[in-house]
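Novice: Supplied in structure tokens, the structure appears directly below.
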Amino acid sequence: MANKDYYEVLGLQKGASDDEIKKAFRKLAIKYHPDKNKGNTEAEEKFKEINEAYQVLSDPEKKSNYDQFGSADFNGGGFGSGGFGGFDMGGFGDIFDMFTGGGSSTRRRNGPVNGNDIEYTLTLTFEEAVFGVEKEITVNRSESCEHCNGSGAEPGTSKKTCPTCSGTGQVRVQRQTPLGSFVSTSTCDRCSGTGNIIEKPCTHCRGNGNVRKTRKINVNIPAGVDTGNVMPLRGQGEHGLRGGSPGDLYIRINVSPSKEFTRKGNDIYIDTHISMAKAALGTEITVKTVEGNVKYTVPEGTQSGTLFRLKGKGVARVNSTGKGDQYVRVIVDIPKGLNQKQKEALYTFMEACGEEMDENTHSFKKNLFGRKK
């Protein structure tokens, strides 16, 4: 669902409230539930889309990232303590209990199980984040066993249907209560909910169907990313079981600070120092930018702390056009350890400006010029 609008999937406008999202999900989940639409592949796909949309829009951090970056490149959002594996019903288990007799959590175990998502933190230099870069990363993930093709059974052997649950993965228990007879379902202990018995497990994966593998993956990082951005790589997570879809790999960006530049959003800031005389008279300075040095004319009378803007010299906007700006803060250095000639020049300057001297300054000047004679 890489290019679909999650809000549109739920029939909502962007910016919908949490309550509106929950209500829309509940209504559509009931309408398109596979048990209510047996054999309808279109309804099954719609149900998957609804689940995916709700999984993002119901999580504040994921929703924030999706609203900011869209589904094309950065619709992944943050990571909760439980990771991304599986679909969290978020209090809607009763919807599925309507069709499964209260066994929604166990019912899925004998069918395809989607792979878990993986989180990977990638640290970039300041320059790599500004210009974009291709990185090779190494991830350890669960993959389908090549020896048994993910079946879990040793080649040449096969699984058999569990005789206890007849392949359903569940057992039904009838209980008598003061209120009448109730039927509940639970996971079959004999097959652990898979519905099948493996008589001779695969010698490579020990009947699991998946094995751990270390893979190298090339990641193209677009220009303009910043710390906290999350980039999803669809289908690069852990492999599923029994034909389930693979999870996704989420790249969390961390950018190392620059020794010279400070970044705020798409704008860059840098300090430059000039003398008191140059600040008063004006001067041309050389300013370092991420693209190289540029000349800038500082007007006369510039005060310390003044900001000047270099338009379009900032960071590229991710998934958009244009760049931010660079701001140059001028720091006027006050000289220390003046020699006699420099002090005389400053006293002369004070007199030319008509500044009044206090008693101590006047006495100091008198002694200074007296020593000169």
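Placed from the backbone N, Cα and C atoms, the Cβ positions cover glycine too.
Pulled from Swiss-Prot, these are the listed features:
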DOMAIN    5-70  domain 'J'
ZN_FING   132-214  zinc finger
REPEAT    145-152  repeat 'CXXCXGXG motif'
BINDING   Cys145, Cys148, Cys202, Cys205  Zn(2+) 1 binding site
REPEAT    162-169  repeat 'CXXCXGXG motif'
BINDING   Cys162, Cys165, Cys188, Cys191  Zn(2+) 2 binding site
REPEAT    188-195  repeat 'CXXCXGXG motif'
REPEAT    202-209  repeat 'CXXCXGXG motif'
Novice: Could you state the CA-to-CA distance between Cys205 (Zn(2+) 1 binding site) and Cys191 (Zn(2+) 2 binding site) to the nearest Å?
Specialist: 17
Novice: Near Cys162 (Zn(2+) 2 binding site), which residues of its chain come within a Cβ-Cβ distance under 8 Å, counting only those 6 or more away in sequence?
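Specialist: Long-range Cβ contacts: Gly169, Cys188, Arg190, Cys191, Thr194, Gly195, Asn196, Ile197.
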Novice: By a simple count, how many Cβ atoms lie within 10 Å of the Cβ of Cys148 (Zn(2+) 1 binding site), its own Cβ left out?
Specialist: 23
Novice: Which are the residues of the chain, Cys145, Cys148, Cys202, Cys205 excluded, whose CB is within 8 A of where the CB atoms of the Zn(2+) 1 site average out, their centroid?
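Specialist: Those within range, site residues removed, are Glu146, His147, Asn149, Gly150, Ser151, Gly152, Ala153, Glu154, Pro201, Thr203, His204, Arg206, Gly207, Asn208, Gly209, Asn210, Val211.
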Novice: Tell me, roughly as an integer, the mean pLDDT over the repeat 'CXXCXGXG motif' (202-209).
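Specialist: Across the residues of the repeat 'CXXCXGXG motif' (202-209) the model's pLDDT averages 90 on the 0 to 100 scale.
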Novice: Measure the Cβ-based neighbour count of Cys191 (Zn(2+) 2 binding site), defined as the other Cβ atoms within 10 Å of its Cβ.
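Specialist: I count 24 other Cβ atoms within 10 Å of it.
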